[in-house]
């Protein structure tokens, strides 16, 4: 019993997120290009002795990429994570983690066999104690070092191809800020040259799956450092909001009394220091963000450029976006028209779905509206409102998945911008996740949203909508088939009746063409 208890503790306390696992941030791992740490439960790499996983070569997608990135071999993030490692743990069954020491999202228990679904709730539906606990958890994450991960402070070339590792410690909250920066940073081309038209987390099909994975990892890390296994990220439903209703000292921090660009001293977030916000300086030095402090959080909600973002998103904007049937289209970047992803991300008009990068709507509108740290892509996760905002964006993605019920093949397998094909691994996560793994309903990943659980008419309508649309598309065919069937039946009846009369009006009952044991083996599918 004691051994079972210890093993259970090892499972629930295992590392769960990405960047560089501390145990692989060394010369030996970089030169061998192998990151297959032992699982503490049995001491074997990837928990192989316990059949959790094994050390395997990484299988990279060979599907062609879009034309947006015309280089090759100049960025450490290309064919992630092969520049750093080409062998990692491949976990079996429901096991997951860089050493296969934890459970996949949506599973728990010693052998990861227990399914679980947790509920994310509106932040305004939390009790005072629940809300205060959430704020305390955020502050704890900002002040506790990550035990399992470190960040890279130099490129692989600057590390002398692995012989001179450049890593440093970072706190749990800033680990996620840094990962968001790293995925969206510019490519350093040498000298003073950079390539800006690259982003492994935005402006392409992976935008929604990437942030879905990001939030799940962040959520699990909070569960780990607090010991609160039931913690879930709250969301802010910003539809039809007239201002930033979470921007007060009771929630995410009010406005400073003398400097409107800063937070109120009464907020715990006023003492937070931001990182990774000076992209132009990093580019000029051909350096990576080293996660040094760069000043306080900046926020001045509502005092943004109204010509770019005149208002916060409306319910009508969201409903129109949900009506779009195509997940992705055209060039699969911010110029895509009639794309659900591009419209929700905010590069297409929420009333026409036509691309208009000069305007910022839906997801982008919130970032611009905050007019501060949230408004710059690479450093936007510094503001804790980021988490509330993206949880609600994810819920809209979830509504679309439930309404349209797309197959995995709907997510582009090829020709998307670099890093965004279905089988590409997400940058910069270790353990490795493919984009397509998070293009699925949230309940399969172990969570749901409170407002999507309510048996409201809207939910029933969401369920019926795809079937009604499909029925309309084939209605003419169905009517034609019915008419044709009636004619055939009439003709056959006219010819068969004389035969019955000739045989005395009796007929032999024939057996089924398929015996019962064969019938059970037949598989079929229905595609509209």
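Every residue gets a Cβ built from N, Cα and C, even glycine.
Between the stretches 260-286, 287-313, 314-340, TrEMBL puts its region 'Disordered' entry on 287-313. In the predicted model, the domain 'Tyrosinase copper-binding' (383-394) shows an average pLDDT of 98. Within its own chain, the domain 'Tyrosinase copper-binding' (383-394) is flanked in space by residues 120, 123, 138, 208, 211-212, 214-215, 218, 233-238, 244, 246-247, 252, 269, 297, 299, 344, 362-363, 366-367, 370, 372-374, 442, which lie at least six positions past its ends and keep a Cβ under 8 Å from the stretch.
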